[in-house]
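Features as listed in TrEMBL:
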type	residues	note
BINDING	Gly16, Ser17, Gly18, Lys19, Gly20, Thr21, Arg127, Val136, Tyr137, Thr200	GTP binding site
REGION	36-65	region 'NMPbind'
BINDING	Ser37, Arg42, Lys63, Leu64, Val65, Gly90, Phe91, Pro92, Arg93, Gln97, Arg160, Arg171	AMP binding site
REGION	126-163	region 'LID'
DOMAIN	127-162	domain 'Adenylate kinase active site lid'
REGION	142-163	region 'Disordered'
Amino acid sequence: MASGKLFRAIIMGAPGSGKGTVSGRIVKSFSLKHISSGDLLRSNIEKRTELGQIADKYIREGKLVPDIYITKCILNELEQIQSHSWLLDGFPRTREQADDLWKQERIDSVINLDVPFEVIIERIQSRWVHLPSGRVYNVGFNDPKTPGRDDVTGEPLSQRPDDNPVAVRKRLEVYDACTRPINEYFDKKGVLVTFKGSTTDEIWPHVKKYLEAKIQ
């Protein structure tokens, strides 16, 4: 980022939309810090921070960590990196979280990936996961070097039991219902930009061109 201008962005996308791949390319191409709500929560739990211990208690009881703790976790982290440009992933997940975030941070862009549900369902059906690390492979798209084996450890890959078409469609419908108010919120703020396509390689050039024009 040649000019030193700070740039703060959020990436939105349904499970299986290629959000992780696009995020990785954005971070690499534009030197942004990647802030993942899931990674941040796991890090707090591992470090046994006060927030981590609270979150761990909820998770062990099979409950969702309340919004107030997730919001506090994210906003605290963003406060620590005020001098950096960043890409926020996995947050906000509610209209209230979006409002809390907007009050504290100047958001330049909300990058929304719009991939047809049918494409995602087909993609997830061919998804294999290395459960210990979370590494994901897709047959015919991002194949493991050795069929059925993780590239790094050589351990066997698995398919998640809830990756069947009915369960996937239900997850996508829930995601759509939850995120529509968030997208509408950011659209009214004038920072939402939606990229439509069926594959990451189809969407990425448009995202890259957009960001090259925004980050100068």
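Using N, Cα and C of the backbone, Cβ positions are placed for all residues, glycine too.
Non-local contacts of Val65 (AMP binding site) by the CB criterion (under 8 A, 6+ apart in sequence, same chain) comprise Leu41, Ile54, Ala55, Tyr58, Ile59.
Counted over all residue pairs in Ser37, Arg42, Lys63, Leu64, Val65, Gly90, Phe91, Pro92, Arg93, Gln97, Arg160, Arg171, the record's binders of AMP, the longest Cα to Cα distance measures 29 angstrom.
Within 10 Å of the Cβ of Arg93 (AMP binding site) there are 17 other Cβ atoms, across all protein chains.
Secondary structure counts, DSSP: the region 'Disordered' (142-163) has 0 helix, 4 strand, 18 coil. Rounded to a whole value, the Cα-Cα separation of Arg160 (AMP binding site) and Tyr137 (GTP binding site) is 12 Å. Cα of Arg93 (AMP binding site) to Cα of Tyr137 (GTP binding site): a distance of 26 Å.
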